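A short worksheet on the structure shown next.
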Amino acid sequence: MSKPPPKPAKPGQVKVFRALFTFDPRTPDELYFEEGDILYISDTSDTNWWKGTCRGRTGLIPSNYVAEQAETIDHPMHEAAKRGNLSWLRECVENKVGINGLDKAGNTALYWACHGGHKDVVELLLNQPSVELNQQNKLGDTVLHAAAWKGYSDIVEMLLDKNARTDIRNNENKLALEMATNAQCASLLKRKQGTNVTRTLSNAEEYLDDDDSD
């Protein structure tokens with residue numbers, strides 16, 4: 001029994017597949033790819049021919065081939081981030097795969113990069129203008145919780161430099177600081193929280209001063 005065809009991509013949403021067989025094009029417009037290649041499908045508006053990219057080349061792929069002879073990769077960004085596969089992640093970014101997508105546990109790709117200690121992957125994701133720093137997963141954890149719990153102080157510092165929030169509590173009512181497993185992570189988080197508290201107090205004092213001047 002043949003499996004049902006994949007759902008068409010929403011406008012602007014890139015769907016990703018892994019080719020199970022090699023495809024030999026018959027016309028110059030068609031895209032050649034080999035077994036195991038990653039296919040980025042960007043346009044499914046034509047029911048017969050989908051527009052896709054593979055290894056930096058763009059062309060047409062018969063939609064029935066994708067349906068019958070390709071494997072859907074639901075969360076390519078997450079897979080790349082978990083493995084610390086920088087080149088695949090960069091390819092996902094270049095092919096406009098959404099960077100803030102959530103897996104079944106509510107995690108972003110950045111969460112998995114922080115959880116795995118993949119500093120180069122974290123850096124690439126943090127350089128994307130639309131990256132979400134404060135997304136909570138189903139356990140209420142943020143990327144900062146993950147990095148602090150795993151003891152990656154260099155990643156904690158990178159997240160704090162991008163102004164990741166330190167005041168978010170997870171489902172166990174714990175801050176990232178309370179999840180920190182080494183002194184260096186704890187010190188960075190304390191310093192950042194101290195700065196935020198000082199700034200808040202300073203703002204409050206200015207507000208009171210304004211009241212007094214009325």
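Just so you know, glycine gets a Cβ as well, placed from its N, Cα and C.
Feature list (source: Swiss-Prot):
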- 12-71: domain 'SH3' (DOMAIN)
- 72-101: repeat 'ANK 1' (REPEAT)
- 105-135: repeat 'ANK 2' (REPEAT)
- 139-168: repeat 'ANK 3' (REPEAT)
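When Cβ-Cβ distances below 8 Å are used as the criterion, the repeat 'ANK 1' (72-101) is approached by residues 6, 13-18, 38, 40, 42, 53, 107-110, 112-113, 116, 118, 120-121, 124-125, 128, 130-132, 135 of the same chain, each at least six residues removed from its ends.
Each residue in the repeat 'ANK 1' (72-101) gets a DSSP state, and the totals come to 17 helix, 1 strand, 12 coil. Secondary structure by DSSP for the repeat 'ANK 2' (105-135): 16 helix, 0 strand, 15 coil. Counting only same-chain residues 6+ beyond the ends of the repeat 'ANK 2' (105-135), those with a CB under 8 A from a CB of the stretch are 75, 77-78, 80-86, 89-90, 93, 99, 141-144, 146-147, 150, 152, 154-155, 158-159, 162-165, 168.
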